[in-house]
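Reviewing the structure listed below.
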Amino acid sequence: MAIHSLTTPPASSLLLPPRKLIKSSFIQCCKTQNESIELSTNGKASFPEKSLQKQPSNNLPPRPRRIILVRHGQSQGNVDESVYTRIADPKIALTEKGKAQAEECGKRIREMIEKDEADDWKVYFYVSPYKRTRETLQNLARAFERSRIAGMREEPRLREQDFGNFQDRERMRAEKAIRMLYGRFFFRFPNGESAADVYDRITGFRETLRADIDIGRFQPPGEQSPNMNLVIVSHGLTLRVFLMRWYKWTVEQYEKLHNFGNGGMVVMERGFGGRYSLLMHHTEEELKEIGLTEEMLMDQEWQKFARPGELNYDFPMMNSFFTHFKHEDCQ
């Protein structure tokens with residue numbers, strides 16, 4: 001900003017014709033908000049999100065081949081619930097078995113990727129900041145040399161459901177019994193979170209992830225490979241809520257889901273049209289084991305062939321929710 005003199009100019013200068021002001025290249029009056037966004041450079045900062053809205057869809061970076069959801073390995077809390085009464089939840093570590101589970105999971109991920117027979121594949125990690133998830137990633141990543149790891153990001157929104165700081169064992173057992181009566185999605189633990197609260201923060205993370213995918217933020221400079229694999233290392237409930245949010249499952253459908261095992265993974269793989277489907281990697285039997293219903297499986301079959309932005313107008317829940325449709329067949 002220029003600093004103008006506050007002194008009175010000489011009288012002779014008042015007789016001169018007004019000088020033409022130099023036009024600023026970065027301060028302009030705009031008619032609309034969109035015009036303001038397009039003209040703004042925010043100094044010299046660069047934000048790819050702004051150019052994304054003007055970028056033709058056929059010029060977008062290729063979508064990652066997979067989004068791989070990994071649950072942390074066995075933790076001290078999984079084998080001894082009394083740990084939660086004396087160790088803060090974010091500081092609970094893996095057991096030796098949990099470390100071995102994580103390392104084995106990394107090997108399975110690499111074997112799966114190598115079956116693609118692509119030379120330029122890489123992995124990029126998102127991880128909850130809890131100790132057990134960070135340790136899971138450290139052991140899982142042993143399967144990958146540095147050149148195969150595009151990067152990693154610690155993401156607090158991927159943390160475990162908050163159960164209310166240090167836990168009293170008897171009180172927690174009572175609260176979990178009440179949760180079954182109240183409903184697993186909406187019940188909020190005292191001083192903690194409900195699954196609905198986790199849903200809200202996962203919604204924010206999902207939008208960040210979608211932006212990262214659309215911008216290709218995890219792609220190294222100058223590289224645009226369709227063989228990128230995203231790996232999200234988190235917690236059982238958090239990952240179930242992530243799936244619920246991504247595929248727009250209902251509360252009723254969520255409450256039928258089960259955690260997959262410690263060190264286990266669920267793979268969302270890019271389908272033939274570009275969307276992610278669980279049926280590209282998993283069998284129907286495997287998905288039924290974690291609670292997917294026939295309606296959910298039918299939608300996953302549609303996801304295999306659909307393109308980004310398309311809607312499933314024949315989504316099977318339409319018929320099960322709106323019961324009056326059955327009468328139309330009789331007319």
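Cβ atoms here come from the backbone N, Cα and C positions, even for glycine.
Unlike curated records, TrEMBL annotations are generated automatically.
Around His72 (active site, tele-phosphohistidine intermediate), the C-beta neighbours below 8 angstroms that are at least 6 residues distant in the chain are Leu94, Gly98, Ala102, Ser128, Tyr130, Arg132, Thr133, Glu135, Thr136, Val233, Ser234, His235, Asn262, Gly263. The active site, tele-phosphohistidine intermediate feature in TrEMBL is assigned to His72.
Glu160 (active site, proton donor/acceptor): 23 other CB atoms within 10 A of its CB, across all protein chains. Residues annotated as active site, proton donor/acceptor in TrEMBL: Glu160.
Its Cβ placed at the centre, Gly73 (substrate binding site) has 29 other Cβ atoms within 10 Å. What TrEMBL lists as substrate binding site is Arg71, His72, Gly73, Gln74, Ser75, Gln76, Gly77, Asn78, Arg132.
What TrEMBL lists as region 'Disordered' is 41-63.
Cβ neighbours within 10 Å of Arg132 (substrate binding site), excluding its own Cβ and spanning all shown chains: 27. All protein chains included, Arg71 (substrate binding site) registers 26 other Cβ atoms within 10 Å of its own Cβ.
Less than 8 angstroms from the CB of Gly77 (substrate binding site) sit Val83, Tyr84, Asp89, Ile92, Arg132, each of them six or more residues away in the same chain. Distance noted between the C-alpha atoms of Gly73 (substrate binding site) and Glu160 (active site, proton donor/acceptor) is 14 Å. Summarising the substrate site geometry, the residues cited as binding it (Arg71, His72, Gly73, Gln74, Ser75, Gln76, Gly77, Asn78, Arg132) extend over a maximum Cα to Cα distance of 15 Å. Within its own chain, Ser75 (substrate binding site) has Ile92, Ala93, Leu94, Thr95, Gly98, Arg132, Asn262 as residues 6 or more apart in sequence whose C-beta sits under 8 angstroms from its own.
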